[in-house]
Structure formats: C-alpha cells, structure tokens
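Asker: I have a structure I would like to understand better, so I am pasting it below and will then ask my questions one at a time.
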C-alpha cells in the first residue's frame, strides 16, 4: 500500500495561520433573463440581478410552474442546478465549492439531507460541524445561489441504507418506506425536529430555498400507494410552503408521482422522445431534470465509471436550447468518509467505494475538470453579464514515504474497549444493546465463544467475516460462503468471528433486510453454539482517544491478522490532500485509514479505487497521527503522490 499526498497553500493559510493567502472576490452572478431572446438560433438570457437571494427583499410569489416554464416573482426562470452534498466534505470547503458552482454559471444548489447522520441514535440529533445544514444553505444564499432541498426521509445518494437510520432495522416487522405505524412514528419525530429548521430558510421567509422534494425515487420502490401522500402532507402540515416536487427515473415517474407535487425526472442523457411523452403526461407544467447524471458512482471490484466532457456539454446544451431546467448530479461529489457508503445488490452485495468523485464537474478534492470549463464557456455564451472569476487552482506536492513504526494486534485492543455484550446467542449489529438502545450502525463486530471440537462451521454473515481459532485465521465467510471446516484440536479453544459491515444497500427493496453481523445461530456439525462475548468496533473518535496513549510494540515482520499500524508523520507548515494507494508490492490489502482521529474510509486492493483523499484541514502543524486498521496483511511503507487514482 502506498500513500499519496498533495496540498494547497491557500487552504493551508485558512486552516493553520488564520491568514487567507488567496482571496475570493464576492462577485455574484447576476442571473438570467426574464424572457429569452432568439438571435440567429441562439438562446441568450438578459440580466435579472434583482432575482438574487442576496438582494431580493420584497417577495410575494416563489417558484411556480406556469405552462412550459418556471417563474420566480412572476419572471421566467430556468433552474441551472448543481448537486453538492454538505456532509461529504469538511465544512471549511463549503465556500470554495459553492463559489465554483456560481462561477461556472449555475444559479441553484441542490442537496440531500441524510437522516441517518442527523439522528444516529433515536432522539439524538446532530446539526453542527459538517452536518450544519442550515449554515450550508445560508452560505449558498450569501454567495447568490438558490437552494432545492431533498429531505427524504429516504434519499438513496449511495449512502448507507439510503440515508435511513440503521436502528429502524431493530424491528423485523417494520416495513420501511411505507405507512407502517412504526416507520411513520419515526419519520414524524424526525420531521418534527428537521422541518422547523427548514421553515426560516424558505423563499417566503427571506431564505434561498425555492423547492423541497417529497421522498426520493419512490417509483422504483412503490410498495404503498398511500405513502407518498403521507410524506407530502407531513411536509405541508409542518410549514413547508414552497414548490413541492418528486424525483424518479424515466420508467417510474408515474408510480413515484403524487398529486400536489411537480413530477421531475432523473436521466443520463437528452432524450427527445421521452420529453415529448413527459409533456403529455404532465400537461401545462415545466420540465425539470432533477438529476442529469454527469458521471456515475463506483463499487468495489468493478470498473471505474467515466463520462466524456463532450457528452455532458452536448446534453446540457440541448436542455438549455429547449428551455428545460436541470440539476447536474453531481457538480461536486466529495467523499464517503468513515463508513457512510452504501452498497448495490445485483446478484451479490458490493459496497460503494470511498470516493464519491462521480466523475463530476469538480473532482473529489474540488479541482476543476474539462467538464467545468466546457460548461462555464457554455453558460458564459448565454449570459449578458460576465460570469464571476473562478477561484484559483490548488497546488499539489509529493511527500517522502513513511514507514509504520508501531503496531497493535486487535486482540490487545479489546481490553480498552467498552464493556462487551454477553449473550446466549449471536446478536446482529443493529440489535446490540449499546448507544442508548439504538444499536450499532457502522464498523465491525467481533464475536467470541468457546468450542471444544472441530467440524463443519455454519454461519450467516453480513457482509464479510474472518474466522479465527484463537489467533489463527481459518478462513472467510460471506453471503455466498456460509460453511467452513474447522480441523480437530485438543482442549477447548476460542472461536472468533470478526464481521465487517461494508455498507448497507441504498436502493431497491433489499433495504428491508440489511441487518449486519451474524444473522441467526452459529453451528458446528449442526449444533448451535452458545455463550457469546460480543465486541462493538465502531471506530469512533473515542476509540482512538483510548488507543493513542497506549504503548505500541515495534513492528517486526509481516503481521497476518487484524492490527493497527501507526507511522508518525510531520507535516508542519503545509496543507495537503493525502492519498493512500494500495500497491501489490507493498503488502496492504484491506482496511481503513485514520488521521488525527478522522476516518478517511476504506481501502481494498481489489479496486478500482487506489487512493484515499485527506482534506488538508484535518491536519495540524507538527506531528500528525496516521493509523491504519489492516484486516489481513501489513505493508511496509505509505507513499504519496500528487494525483488520485480512482
């Protein structure tokens, strides 16, 4: 495994010295015309700077769909939207990404609101730091951008369980995304907390929010004919007054629509025949492509997806020429830091990779792409006022490799964890009696029990389980492999099964059954085992606060069992984007990287992703603590490079 780094002096100044070395001028895109002008077949848009969230004070009529187009305060309005997820980057970078959106020529930012991150435990809500949704929305307004919010409760977004909190899975009878009593009660309590935060951000209250989405892509799920009406009314009765809309793929827009909300579509290219049918289905309403996919996400073990800049430019040009509003998904993808990634299931479970670069308009690290420059040129050609200057590029550098100097086998960490759970039978991750009764959402679970004979082991594991006899690994179990032979031995031994949650499926009916850990009994020769000690390995910041003070043994040779490896690295005076690169000659196989307690996410040598991104704002002057949790085999060095490899 190798480690790749690059850095930005600009961000360095912001993060470490409190002095901004490169200034972003607060130039605001003035907007587009109230009416289009056709000159030699070209569409241009006049200035309507008075329809800017910064300067528009007198407000009477928000976003309305009239005939074939939207209006805002009665003026014709095309939505040029771009998706940015505030929860997929450090808060310190929000301004940079939003400025780049504005400078490219967009007038609207769209974002999902992830329930599972905002309410990780029942009744415990978090809206601060990187999860300060209100601050993100208000910052967008200051930059001159309108906002479309997508609060779910289900959002997909390639996040764990589609943004639903995992504690909903504790009740095996609950039906997710339906009017099931238990699910509705949970949504109501969440909305009771969330929507009051949204109300003052709405257009009619002086905020930038011009539209709110009802659920997400329900047409592909479609399990309850009453559910969409319930979600719509839940928003309305709590005070949402702006335009409501739904969002579905082409083939499912009718199943996912609901009366009283504008139907919008998600698609990967311009399709004239579809739009003709769509206009017939939703007469006298404007068309909004809620998601025009500028790229696609990746999953482990599959190829990296790309979409050409020419194709994106051509599609956006077609949409503009036909006066169709659209949202570029994604403008900036960001990163699935920690364990927030979702998964796909097409015959087998595959976790979404750590990077959510998405081959978007900006890279994972916020850098410009060919797509950005082509779209900026396109938008500039139809704007009667010059676009704002684009923020400067970030500079990159490469650092010398570092060698892990210490290691700590997982078994020696157990004594520093919280008290383990004692159970007669295995308990799945979500039902562990921890976190105030909300169970465990992410990470690993270690199951231990004593056995006194070998034989054929059977266990249902989700997603991957390493089986050990004391300290010796015997094999791996997963959804396809549920049986393993254990050789005979003398005296009783400790059977250990370390199970990793690699991300819950975020799309389709499979979300209903996405419990992780050991599911059901564990048997040897068809006899159920009993008496389990269960350790929760959530890898939270508190875990490393216990770990770092420990005396770490000097690494000697290759360790072929789960362990923590730690090289100290001095990075004083710079800000860097750090990459860890799995390399077949360096020995690292699969695990996670933490720096100063921040979880950068998963690495895995099956690809396609080979680098991990580290925001420079997570570093500090002097020594920075890098910790690798390696599941299989230790490597020799951590290397850096100036470019990601996805």
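Quick reminder: no glycine exception, Cβ is built from N, Cα and C everywhere.
Feature list, courtesy of TrEMBL:
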ACT_SITE  217  active site, proton donor
ACT_SITE  291  active site, nucleophile
DOMAIN    70-380  domain 'Glycoside hydrolase 35 catalytic'
DOMAIN    439-538  domain 'Beta-galactosidase 1-like first all-beta'
DOMAIN    585-624  domain 'Beta-galactosidase galactose-binding'
Asker: Please report the Cα separation of residue 291 (active site, nucleophile) and the residue listed as 'active site, proton donor' in Å, rounded to an integer.
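Answerer: Cα-Cα, rounded: 11 Å.
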Asker: Ranking the active-site residues 217, 291 by other Cβ atoms within 10 Å, which is at the bottom?
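Answerer: Among the active-site residues 217, 291, the sparsest Cβ neighbourhood within 10 Å belongs to 217.
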Asker: Within the domain 'Beta-galactosidase 1-like first all-beta' (439-538), count helix residues (DSSP H, G, I), strand residues (E, B) and coil residues, in that order.
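Answerer: The breakdown for the domain 'Beta-galactosidase 1-like first all-beta' (439-538) reads 5 helix, 52 strand, 43 coil.
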Asker: DSSP helix, strand and coil counts for the domain 'Beta-galactosidase galactose-binding' (585-624)?
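Answerer: Split by secondary structure, the domain 'Beta-galactosidase galactose-binding' (585-624) comes out as 3 helix, 16 strand, 21 coil.
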